[in-house]
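If you look up Swiss-Prot, you'll see Met1 marked as N-acetylmethionine. Taken from Swiss-Prot, the feature domain 'TIR' applies to 19-182, supported by sequence analysis. The NAD(+) binding site annotation in Swiss-Prot covers Arg28, Gly29, Glu30, Asp31, Val32, Arg33. Sequence annotations record features per position, and here Swiss-Prot assigns active site to Glu93 based on sequence analysis. Annotation comment: Swiss-Prot describes 577-598 as repeat 'LRR 2', evidence class sequence analysis. Look at Swiss-Prot and you will find 600-621 tagged as repeat 'LRR 3', backed by sequence analysis. For 622-645, the entry in Swiss-Prot reads repeat 'LRR 4', with the evidence type sequence analysis. Per Swiss-Prot, the feature repeat 'LRR 5' maps to 647-668; the stated evidence is sequence analysis. Per Swiss-Prot, the feature repeat 'LRR 8' maps to 781-805. Sequence annotations record features per position, and here Swiss-Prot assigns repeat 'LRR 10' to 829-851. What Swiss-Prot records for 852-875 is repeat 'LRR 11', and it gives sequence analysis as the kind of evidence. Sequence annotations record features per position, and here Swiss-Prot assigns repeat 'LRR 12' to 877-895. Marked as repeat 'LRR 15' by Swiss-Prot: 940-962. According to Swiss-Prot, the repeat 'LRR 17' annotation covers 1009-1029. Residues or ranges marked as repeat 'LRR 19' in Swiss-Prot: 1054-1075. What Swiss-Prot records for 1161-1185 is repeat 'LRR 23'.
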Amino acid sequence: MMDTSKDDDMEIASSSGSRRYDVFPSFRGEDVRDSFLSHLLKELRGKAITFIDDEIERSRSIGPELLSAIKESRIAIVIFSKNYASSTWCLNELVEIHKCYTNLNQMVIPIFFHVDASEVKKQTGEFGKVFEETCKAKSEDEKQSWKQALAAVAVMAGYDLRKWPSEAAMIEELAEDVLRKTMTPSDDFGDLVGIENHIEAIKSVLCLESKEARIMVGIWGQSGIGKSTIGRALYSKLSIQFHHRAFITYKSTSGSDVSGMKLRWEKELLSEILGQKDIKIEHFGVVEQRLKQQKVLILLDDVDSLEFLKTLVGKAEWFGSGSRIIVITQDRQLLKAHEIDLIYEVEFPSEHLALTMLCRSAFGKDSPPDDFKELAFEVAKLAGNLPLGLSVLGSSLKGRTKEWWMEMMPRLRNGLNGDIMKTLRVSYDRLHQKDQDMFLYIACLFNGFEVSYVKDLLKDNVGFTMLTEKSLIRITPDGYIEMHNLLEKLGREIDRAKSKGNPGKRRFLTNFEDIHEVVTEKTGTETLLGIRLPFEEYFSTRPLLIDKESFKGMRNLQYLEIGYYGDLPQSLVYLPLKLRLLDWDDCPLKSLPSTFKAEYLVNLIMKYSKLEKLWEGTLPLGSLKEMNLRYSNNLKEIPDLSLAINLEELDLVGCKSLVTLPSSIQNATKLIYLDMSDCKKLESFPTDLNLESLEYLNLTGCPNLRNFPAIKMGCSDVDFPEGRNEIVVEDCFWNKNLPAGLDYLDCLTRCMPCEFRPEQLAFLNVRGYKHEKLWEGIQSLGSLEGMDLSESENLTEIPDLSKATKLESLILNNCKSLVTLPSTIGNLHRLVRLEMKECTGLEVLPTDVNLSSLETLDLSGCSSLRSFPLISTNIVWLYLENTAIEEIPSTIGNLHRLVRLEMKKCTGLEVLPTDVNLSSLETLDLSGCSSLRSFPLISESIKWLYLENTAIEEIPDLSKATNLKNLKLNNCKSLVTLPTTIGNLQKLVSFEMKECTGLEVLPIDVNLSSLMILDLSGCSSLRTFPLISTNIVWLYLENTAIEEIPSTIGNLHRLVKLEMKECTGLEVLPTDVNLSSLMILDLSGCSSLRTFPLISTRIECLYLQNTAIEEVPCCIEDFTRLTVLMMYCCQRLKTISPNIFRLTRLELADFTDCRGVIKALSDATVVATMEDHVSCVPLSENIEYIWDKLYRVAYLQEHFSFRNCFKLDRDARELILRSCFKPVALPGEEIPKYFTYRAYGDSLTVIVPQSSLSQNFLRFKACVVVEPLSKGKGFYPFLKVNVGFNGKQYQKSFSKDAELELCKTDHLFFCSFKFRSEDLPSKLNFNDVEFKFCCSNRIKECGVRLMYVSQEENNQQTTRSEKRMRMTSGTSEEDINLPYGLIVADTGLAALNMELSLGQGEPSSSTSLEGEALCVDYMITEEQDKGIPILFPVSGN
């Protein structure tokens, strides 16, 4: 089905750019229909001029159908006859026509059919009488609107029938006039950015100068890139050259009547192109019959059906000479299938054009206002330079304030505009189901990955081709997948929508918060196919806590990539069997679960893991292609690879515990890459390996390997196979038994053997060569492309390389005995890279050579080199760090391609040439040139300029450095000020002036709009707060003399980090600002600061240690995002508000050495917090659930430190003791009686009574008394606990917060340890538990308390919310109100008599535990109506 009114991909053109009709006739039917009008329409039809159907039903009011027809016509012909004004219909039509003339530039042609124009204008004569009759009973407003329209149209240029010799003559001229006007190119597209370039390019493909050719052309490109807009503009431009033309938009349809659909297509096209609405088609082929002799222009838009093309434009020969057919589609294969070879690809606009497009939509001009520049750049970037996105986003932001733009940015960054999504979604919906799946895989997991890598994982080649041909992905020249960021967002939105808000039901997870929820809550389902934690989220402040059964519900999971995150408190018992990718760096497992079979595994990547082995036995590894275990230091063995017949890459770099490879590696006949460098313990290789596909072998840094492996690489033992081979051998002293094919690498000989003839050798790497020269004479090295002789400290000369004409890379780093290079190096015309770093003996390079291809020259560390090297005029990157060069010659101006020049630490360099212009130079690094006092004018091309640690006294004029992005002037102590021309650096992003101790002030009245990073740390003379940019993100002012922060800091809306450490004069911060983006504030060491900073409530990390702050105020609860609060050594601090416990994200709060603290926290606050976090759980549910909830509540306090807080009152100390399940340190000299088992020294044994074996204790609390460290004594920054029972051993280290070396006196250190459920005493039936504590501090005492859980169920009464419980110990008795249900008590091993009373009645149950009598007081809190009492010990006596 065809839809000729479909909206374009880009709603840029005005409404006049989409005209459906050429002519709209307005007339009084009974006056002209059967005479004049019928003759006129016949003439128009003959010239293929389209007009509105005159059979539309007419009434007293104009309906929407006719109103639309008026607006969609290019010309309105108004036929004024005697009775025209008798029709209110006609008069209302005329009013609308006049509006379109005024507002839409519609052309109007009046025809005066036997009436006088002046009578129409003034409503006089017979025409006037008819008009007055019609106006009776009409409102005055309606009458006036008619009069105005009549008066306006009557004076327009038109046709008066009375002035023509015949009606036929006038009609013929009128028709020609209309034809000329409709064929005049429209200017509706003239204001579209870049449109003319597209039109001219397509016109050249169309070969319009050829009058005989019939040409079909395709316009192809991604959805939203503007294909249809370009097509409409092109159609408008070309229409004047074709009498017969049609613009048809395809619209997909469903149905089984294929024949009927084709006939409708033909009718639609012929009606459009011939201007006949009543065409009847009863058989196929009518298009060819009717248009065979006609020169036509046909443009088919948004085509997605080959059948559509075959039906309408089957062959170019169907049409007359000079015809042009243009097909617009997103599917390149469709064009190929229709044999359209001339294809114009619409590419993305440049960044400059994209910005202009955005600005046209948003601001109505070509560039943004100054204060919108950065925002406009970011929006254009978010739109990915896609015209659709640029237009829609620009329009949505048009007329909005800067604040609105800023508030909208997070939404634009994270989501997809609805209008954009609607357009892009069409492309997705048209895909086959399998191609839709492939689209989602790439959008959610694999955008930016290498094609071959993803093809192996997905086992799908067809899908890539389909998505590429439909412009949904692009394959880069180097073989990587590239999907537009808006399409990527579309895919992720589609996947998210299907899950209905439940991350566990999605197919793909790529967001840390979602992954964290699914993994920790174990809510993953069989729907889940892929989990990929993006690299930028690897280092989140929260760990990804993986449970042993986290992946159990994800039985269809195929792709798991969690990078450096994955904290596994206990072993993993399950991995999905369908995994194809397992990528888990730093994995804490010792081996993979025994249930994992690896049958589908394609890529196994576990770098930096704690693995000792992967698995036991032989697994079906037929799909495995890559195994990467590099730097798995504990790995002792590689599993049986007998069935890994498709393995191509094995990376074992740095596996320091690996001794050998299994002999089964010989089955990996497709192995291409084997890297075992730095396998320090590797002793032997399997013998007689036949790895015919091996191309790369690296055994460098394997000092214990004594026999070089005899590997058949290619055709034989002796010769290299044809092709490229690389052998890397370092520390070659062990190469005693090299096979014959490698004997030219025997580094024990004086030099390489004279029969050395490696004609096929492409790369020769002999790093660490022990002798003075490599070989004698000239060798035939015609295939050699790279040579590396680095670390060959005895090498005095390099061999003659005059025949190595293909050599591109020569690496001679750290060849300390080399003094010069031979002049024959001038023959290396293909040499691109020459590295001679740390060749300390090198004094000079040849001067009469010009290596025409040399782009990179690195002579860093050649400390004897005094002359500037000029061995190539095409150098791009030149590194001369730490050389003895004292002067740069003016001939450096010949290096027109030089992009980077590094001369760091050239201490003899004093001046630079002033009369050169390095037009390509972008990076200049002169850091550490301590004799350099002046600097010439900076060229326009410079982007990165580093002048750190120089003697420069002033900065030159910066007016031309308009492209400078990064400027470093650190430690330029002679600099006092900066030039005002710094204001010209509108592209400057980072500016550093650390330790410029002479700097007193920065220029004012400048706003560096792009500046994000400003570092003035150590500018100890700087007294005024710098306000040189309102867009700063990171601001460093450590150790400056600033005493006051102005309230204008509130303008820094993008400021994320403010660091003002050691600003000792700073006393107060403004209170009337709220920096909405500030996340990190560091005021540590501001010793005069007395008040808590209140400049932002969005802070996440707040550093206030060593300040004079006296109170943490109540409003701390407003800091809802706070995760870190450092206030140690605040000697004046006295009070900490209990509201600090309302901060649910707080993970670390350190008040060490706050010796004045008296009040800290509050019982009621903690209790309320815990009540909020523990929810009702059915009695039948595993008791561990309750403890997990308590554990998470305790996480709020897990990083609280009160070391050396000697004035803590009793309430605060008791609170810390009973509520913390994680490490805490505070002053103390003896183990509290709360700990039921105590002993002197560092160990104790707990005897578990037989009566307690039915109990479940899930954790213990421990406490040790430690002495402060002696001066000079080494220490471990952690406490280690060893627990032994029934032959099992637990070990736990507490390192993050147990900085015991900072303690000034004896301290208590509390910690908690959780047992695994399978090790409960009721399951293992053990009688005692041994505890051993280890610490660098001497441990004076230790204590332990076992934490028990008991369940009580009673089905008789469940509706009562308050009950009584009497706890008796010895002779003491206390009544406590308690809600009925689940009793959670950490009873220790005390003898407790419990009586559970229901209301005021008799006890319904009692429990008695035998043992020594011990009184314990408890505080009981109630979760109302949920049946969960929670008991907290108050004290032990």
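For all residues, glycine too, the Cβ spot is worked out from N, Cα and C.
Listed as Cβ neighbours of the repeat 'LRR 12' (877-895) (distance under 8 Å, sequence separation of 6 or more from its ends, same chain) are residues 837, 855-870, 901-906, 908-913, 915-918, 925. Val32 (NAD(+) binding site) falls within a helical segment according to DSSP. When other Cβ atoms within 10 Å of the Cβ of Arg28 (NAD(+) binding site) are tallied across all protein chains shown, the result is 21. Same-chain residues lying 6+ beyond the ends of the repeat 'LRR 8' (781-805) with a Cβ under 8 Å from its Cβ atoms: 724, 730, 758-775, 811-819, 821-822, 824-825, 827-830. Mean pLDDT across the repeat 'LRR 10' (829-851) comes to 90 in this model. If you measure from the Cα atom of Glu30 (NAD(+) binding site) to that of Glu93 (active site), you get 17 Å.
Sequence-distant contacts of the repeat 'LRR 19' (1054-1075) (same chain, six or more residues past either end, CB-CB distance under 8 Å): 1012, 1017, 1030-1047, 1081-1091, 1093-1098, 1103. Long-range contacts of the repeat 'LRR 17' (1009-1029) within its own chain (CB-CB distance under 8 A, at least 6 residues past either end) are made by residues 370-371, 373-374, 965, 970, 982, 985-1003, 1035-1046, 1048-1049, 1051, 1054, 1059.
For the residue listed as 'active site', the nearest neighbour among the binding-site residues Arg28, Gly29, Asp31, Val32, Arg33, judged by Cα separation, is Arg28. Here the recorded positions are Gly29, Glu30, Asp31, Arg33, Glu93; the one with the fewest Cβ atoms within 10 Å of its Cβ is Glu30. All protein chains shown were included, and the count of other CB atoms within 10 Å of the CB of Val32 (NAD(+) binding site) stands at 22. The DSSP breakdown of the repeat 'LRR 5' (647-668), given as helix, strand and coil counts, is 5 helix, 4 strand, 13 coil. Taking the centroid of the Cβ atoms of Arg28, Gly29, Glu30, Asp31, Val32, Arg33 as the NAD(+) site, the other same-chain residues with Cβ within 8 Å of it are Phe27, Asp34, Leu37, Ser81, Asn83.
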